[in-house]
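These features come from TrEMBL:
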| type | residues | note |
| --- | --- | --- |
| DOMAIN | 43-174 | domain 'C2' |
């Protein structure tokens, strides 16, 4: 273990000896060398903590078909609802990504959309794994629809994808909850029918987020140094790269 740590430290020192040759100041170079040497050791320890879990099977593609809904509540006294469905992907930090939005079907409490979607998740789009889908049905305020929904919420549900197998299509009938204004037209909770197929790929497990942040702050490149009057300090501009997504 100590030999590996010494190797990480020696690698960092070798890297910054090249930086000194290119013109870095002694004090700044020494402080940065110590920081990166410590970072290299932290990175090595993080990689060794779970040697049996260096890779993960992340969801890289979601194919689905929004089939239909039934028993939706009505908000207008003289007509049925005008529903549309919003599909979002749930990430491991409970944030969401927009996936698909259906067309609006007018005056119908049992709409049949039968619409397909194919959503690709690139590795550079998010550092968090996709763990599920969030479905929500809204009453349209006008001819258009939006991922933000509307004031008239007709019901929603979350679908856990963690246990679903690769490349296998599964038909889900989800009970829609969250209706607080009126009961559904059938007296039961409304339901949404959805078919989902997921595809996974094997990728290296990412390092802990605090370590990624430290690492990204050290990836700086000199851009510009401006000449300013003698009574002010020299202004240097640097560029940061590979910052983790918030």
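Glycine too: its Cβ is placed from the backbone N, Cα and C atoms.
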For the domain 'C2' (43-174), the number of residues DSSP places in helix, strand and coil: 10 helix, 64 strand, 58 coil
Across the domain 'C2' (43-174), average pLDDT on the 0 to 100 scale: 86
